[in-house]
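Asker: So Swiss-Prot lists these for the protein:
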BINDING   H173, H175, D186  Zn(2+) binding site
DOMAIN    102-224  domain 'MPN'
MOTIF     173-186  motif 'JAMM motif'
Amino acid sequence: MSIRDWPAAERPRERLLEQGSASLSDAELLAIFLRTGVPGKSAVDLARHLLNQFGSLRLLLEADQEAFSKQLGLGPAKFAQLQAAQEMSKRHLAERSRQKTALENPQVVRDYLKVMLRHEPHEVFGCLFLDSKHQVLTFEALFRGSIDNTAVHPREVVKRSLANNAAAVILCHNHPSGNSDPSQADRLLTKRLQKALELIDVRVLDHFIVGDGEPLSMAECGWM
């Protein structure tokens, strides 16, 4: 049965407009993005099929163009639309983070870091550079690959802190495994960067680790 033949209260688009996007399932949200189904499948049926094929919404969003485009009902045009939507979301949250005080609204920072880092297939280490009022100046991804105590160079973090005229920084990196628990290398790296930045009077406020759930704050856990 076509979605057009469903009762209005059950159609994903109408439900989104009436109840908000948070009320929809992953399949319903994806169905709105797809807009149409394929012969024998409604957009919701197709969305469920795709989520089953990829394993989760996150894995679908992280898929490269080749893996994405070869699936039923998808293609280069849909891939381009999805990439554009994700980039708009990143830029929206980047602008929000620059307009709000990080320490007074840590959830804005968490939300921003989830969008920026959660879908990266490899580890990425970055910094949120803050001014003296702890307003976000900018975000920079500084290192990519295996993040350990030797891969991240304190001198580069110091250099970028000076270039951005930062008074404080929030460190962050992702764990592609999804487990946000800090490793011993993560803790050692944090200490090294704290010591290096102390020499130029830049304070490290926190180190967030982004996994599948809410980003973990090392400061809140008492590890800084």
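Cβ coordinates are placed from backbone N, Cα and C, and glycine is handled just like the others.
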Asker: Judged by the number of other CB atoms within 10 angstroms, which among H173, H175 is the least packed of the binding-site residues?
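Answerer: Least crowded of the binding-site residues H173, H175, by Cβ count within 10 Å, is H175.
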Asker: Tell me the Cβ neighbour count for D186 (Zn(2+) binding site), meaning other Cβ atoms within 10 Å of its Cβ, over all protein chains shown.
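Answerer: A 10 Å sphere around the Cβ of D186 (Zn(2+) binding site) contains 21 other Cβ atoms.
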Asker: In DSSP terms, helix, strand or coil for H173 (Zn(2+) binding site)?
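Answerer: Once the DSSP labels are grouped into three classes, H173 (Zn(2+) binding site) ends up as strand.
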